Amino acid sequence: MGSQVLRLSHPSKTLLGAVPLTGSKSESNRALIIQALSGGNVAVENLSSAADTVTLCRALALSAAPGETSGEAHETVVDIGPAGTAMRFLTAYLAITNGRYFLTGSERMKQRPIGILVDALTTLGADIQYAERVGYPPLVIRGGFEQQRPAVKVQGNVSSQYLSALLLIAAALPKGLELQIDGELTSRPYLTMTLDMLAEAGIEHHWVDDVIVIKPQPTKATTLTVEPDWSAASYWYAMAALAKTADLFLPNLKSNSLQGDAAIANIMTGFGVGTVFESGGVRIRHTASSPTQDSSSLDFRECPDLAQTVIVCAAALGKDLSFTGLHTLRIKETDRIAALQNELGKFGVALEQDGEVYHLRTAGRYQPSRLVIDTYEDHRMAMAFAPLALAFGQVEINDPDVVEKSYPDFWKHLKQQGFVIS
Ligand SMILES: O=C(O)C1=C[C@@H](OP(=O)(O)O)[C@@H](O)[C@H](O)C1
Ligand SMILES: C=C(OP(=O)(O)O)C(=O)O
């Protein structure tokens with residue numbers, strides 16, 4: 001892209017035609033780990049073009065053929081940049097893979113906690129040290145350990161990625177895994193996605209109360225086909241809500257998705273966007289008027305990646321909604337609560353915290369003469385605020401390349417849909 005700022009407008013405010021979304025980043029990253037542990041049994045189709053998936057692919061290739069060293073004998077440096085799922089999944093994967101690894105990432109990655117996962121792996125017998133700050137990347141992993149025990153208890157309310165990381169390696173552990181989820185489980189659909197994809201590859205589990213058991217077992221020969229990305233679809237729902245006319249077809253999305261973010265279809269009925277599941281994909285339409293939903297509340301506990309899309313869209317439509325389940329947003333690509341508060345404030349909207357509930361206050365909303373959005377190295381900040389071009393006539397997005405993390409064709413697709421981008 002090159003440019004440090006993009007200016008967006010959409011003169012006709014009309015969205016028509018098909019938008020071919022890339023594969024789900026979450027499904028792709030699971031498929032890659034399952035494949036890597038399958039001994040050549042598993043093929044993957046429709047892998048995401050997300051930078052995070054490309055990064056994980058490269059990291060897995062590097063760990064299969066270690067070469068680069070960091071000075072210390074045979075230490076393979078694996079740098080996953082800003083890819084959180086890759087960091088968590090690789091921590092578990094490298095812990096059971098022979099070799100010595102230095103697993104690192106971006107400056108932000110060094111602020112995203114990983115202690116819960118490292119503690120769990122260490123309990124099982126893994127050898128993992130912190131290279132800088134205790135509880136955070138980078139990690140020094142001496143892979144390939146003798147398993148001490150199968151049972152481990154893991155806190156569930158910080159990130160489901162820790163649990164998914166453990167479940168993905170469970171069948172390859174000599175004693176298997178008995179994973180007890182401690183306390184509340186956040187982002188539950190991501191955990192069930194992990195179990196469902198393992199099941200597709202022939203790996204069975206038993207889940208009773210708060211304990212998930214996976215016995216040592218081989219994967220079966222199969223092809224995992226990745227569905228397009230529902231989180232990416234959410235931005236098109238927001239655009240449809242803010243457009244004058246919208247009739248968009250999103251090929252290959254399914255109603256019985258593994259992705260919790262398919263919840264956007266239901267949420268957006270309250271924002272004036274209708275969904276029809278057709279054969280071969282989903283059709284979304286701007287419906288006549290946007291029903292008021294003021295004083296109602298939306299919970300993002302199961303779909304945290306939709307929060308920015310929905311909150312920004314609600315702000316543009318002047319809906320004073322309340323939100324819960326935002327507790328994990330502060331440890332993602334940026335502190336997403338603070339980022340939202342700053343950027344919404346640029347057009348007079350407040351996101352006020354009251355304990356676990358956040359209230360959107362749109363009474364002071366105004367149309368600024370120039371709206372320039374900062375993106376905080378967070379792809380979802382760029383993509384959630386871009387639809388505002390339809391509401392305010394024009395919006396400028398700083399550091400637009402951030403979208404590459406999950407949706408590299410985002411700006412290209414916007415252009416194809418009539419956005420003027422300069
Ligand atoms: O497992 C996954 O693929 C993901 C789980 C979620 O994270 P948390 O479990 O940390 O909420 C989500 O926000 C992230 O984008 C992808
Ligand atoms: C939180 C996200 O990703 P990750 O945790 O994998 O960096 C995201 O894509 O919104």
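Keep in mind that glycine also has a Cβ here, set from the backbone N, Cα and C atoms.
Averaged across the domain 'Enolpyruvate transferase' (11-414), the predicted model reaches a pLDDT of 96. Under the heading domain 'Enolpyruvate transferase', TrEMBL lists 11-414.
Look at TrEMBL and you will find Lys25, Gly84, Arg112, Gln161, Arg336, Arg380, Lys405 tagged as phosphoenolpyruvate binding site. When secondary structure is read from DSSP and collapsed to three states, Lys25 (phosphoenolpyruvate binding site) falls in the helix class. Cβ neighbours within 10 Å of Lys25 (phosphoenolpyruvate binding site), excluding its own Cβ and spanning all shown chains: 29.
The 3-phosphoshikimate binding site annotation in TrEMBL covers Lys25, Ser26, Arg30, Ser159, Ser160, Gln161, Ser187, Asp305, Lys332. In the three-state DSSP scheme, Ser160 (3-phosphoshikimate binding site) is classed as helix. Within the same chain, residues at least 6 positions away in sequence whose Cβ sits under 8 Å from that of Ser160 (3-phosphoshikimate binding site) are Leu185, Thr186, Ser187, Arg188, Tyr190, Leu191.
Sequence annotations record features per position, and here TrEMBL assigns active site, proton acceptor to Asp305. Long-range Cβ neighbours of Asp305 (active site, proton acceptor) (same chain, at least 6 residues apart, Cβ-Cβ under 8 Å): Ser231, Ser234, Asp261, Arg380.
If you compare Cα positions, Lys332 (3-phosphoshikimate binding site) sits closest to Gly84 out of the binding-site residues Lys25, Gly84, Lys405. Taking the binding-site residues Arg380, Lys405 in turn and counting surrounding C-beta atoms within 10 angstroms, the largest count is reached at Arg380. In sequence order, Gly84, Thr85, Arg88, Phe89, Leu117, Ser187, Tyr190 are the residues of the chain that are 6 or more apart from Gln161 (phosphoenolpyruvate binding site) and have a CB within less than 8 Å of its CB. When each of the binding-site residues Arg30, Lys332, Arg336 is scored by how many other Cβ atoms sit within 10 Å of its Cβ, Lys332 comes out lowest.
Most other Cβ atoms within 10 A: among the binding-site residues Gly84, Arg112, Ser187, that distinction falls to Ser187. Candidate binding-site residues: Arg112, Gln161, Arg380. Those with a Cβ under 6 Å from ligand 1, in sequence order, are Gln161.
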